[in-house]
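Reading through the structure tokens given below for one structure.
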Amino acid sequence: MDIIRVEGGHALGGTVSVSGAKNSALKLMAATLLTCGRTTLTNVPDIADVHVMGKVLKGIGAKIDVIDEHTLEIDTSAVDSWEAPYELVAQMRASTAVMGPLLGRFGRAKIAMPGGCNLGARKIDLHILGLETLGVSFDTDHGYIHARATEGLVGSSVALDFPSVGATENLIMAAVRAKGETIIDNAACEPEITDLATMLNEMGACVRGAGTPVVTIEGVSELHPVEHRVIGDRIEAGTFLVAGALMADAAGIEVVGFNPTHLGMVLKKLELMGVSYRRCDHGVRIRRASAFEPVDIQTLPYPGFPTDMQAQVMILSALARGGSVITENIFENRFMFASELVRMGANIRIESHHAVIHGVGNLSGAQVVAPDLRGGAALVVAGLVAEGTTEVSSIHHIDRGYEHFTEKLAALGAAVARTTVPDPVEG
Ligand code: UD1
């Protein structure tokens, strides 16, 4: 099996460029189904989740040409099916993002029901309730959801109980081809939704208010293929910023290729923790902090503190001068990382959806298991500051969303490498 081995204590310097945003790229790939022709996406990250979405699209008849490592040309002219099969949805829940576009183009979709994942139950009831308002009827059998808009999609007013990212995206992608106007109230405001709306508008759609809680969509009868560049990955950027706050040399490290505005709340919390940074061209230069102040953090929908940065920032709290509380409000089961960090010497107590953290003087390298994508990356980052060697296993989670993670860290000066070791279970 592959592991990532990190030797702690090496200072970081230089510049790291983040890849295109995973959470944008996946939805933009799905959105190409709304048109008939060749759409070009640039700045697409070369990560496992993008490969899974590629398989979903190919499975329904799209043709994908890889122009270069980060450019995909997706031809949707021959799409002749509307099914996202179980083996792919089970690998990646975001496969359900094809439901809205398939309904928009064909008025039907057959999607395997996503089960839970290691972040909890992760339901799609809000996707379904919203699409029902647009005239879609749903049946389930043998683990599949059959969605049909027999009379066509009709624009309507949808109020989401919670600003779900996935539900907002599926609704927007269906509504761009509905008859008349759709208003989504309490929509998610994440930058990836704005990126999706930007591409849809370039394709000829009429989406207004994306990035705010009220999104208005005027349906159009046809969309055309375009070329679109995926925004930079704010979460990958945030992960490197935490690495810099822990281990940058006196000159600091520069993290570029993303819009710092997309990390507003993270930067604010870093500042409160005593980390100094400044914005530079296309990114942020960050310095190592001599000490971290404790701060309380709650994860919230954008522009609140992102749940996808919770694990990384917990490392700083674990080393802070005092007690911090991190409250997880988005996912029910997102503290598995904490028990791995405890194995590295952190003092963390989990009480329901709160992590109560008492800062310790240092972390020590250990063998740890990546619990999920962000938690896995955070363990590698914790290894950068820990005394001795850290070995992170189950790194397939990290591969889902971080392109060349070890190479990028090594280029900054980290002593980190991916290596193959015998699987202890298989002997
Ligand atoms: C997306 C991101 C993920 C990020 C999350 C929150 C992608 C591929 N993933 O996930 O990285 O952590 O946003 O910013 O873009 N919920 C329901 N019913 C629904 C939909 C959601 O109860 O129909 C619940 C979920 O179980 C979860 C919460 O709402 O507890 C947030 O989910 P949502 O905003 O939909 O996140 P995702 O789109 O799955």
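In case you wondered, yes, glycine gets a Cβ from its N, Cα and C as well.
Heads up, TrEMBL stuff is auto-annotated, nobody curated it.
Summary of the site annotation: TrEMBL records UDP-N-acetyl-alpha-D-glucosamine binding at Arg93, Ile330. Screening the candidates Asp68, Asp75, Asp308 against this entry identifies Asp308 as the one listed for that site. Sorting the binding-site residues Lys22, Arg93 by the number of other Cβ atoms within 10 Å puts Lys22 first. Put simply, Asn23 (phosphoenolpyruvate binding site) is 12 Å from Arg93 (UDP-N-acetyl-alpha-D-glucosamine binding site) when counted between their Cα atoms. Sequence-distant neighbours of Asn23 (phosphoenolpyruvate binding site) (same chain, 6+ residues apart, CB-CB distance under 8 A): Ala94, Val165, Glu190, Glu192, Asp233, Ile235. DSSP classifies Asn23 (phosphoenolpyruvate binding site) as helix under the three-state reduction.
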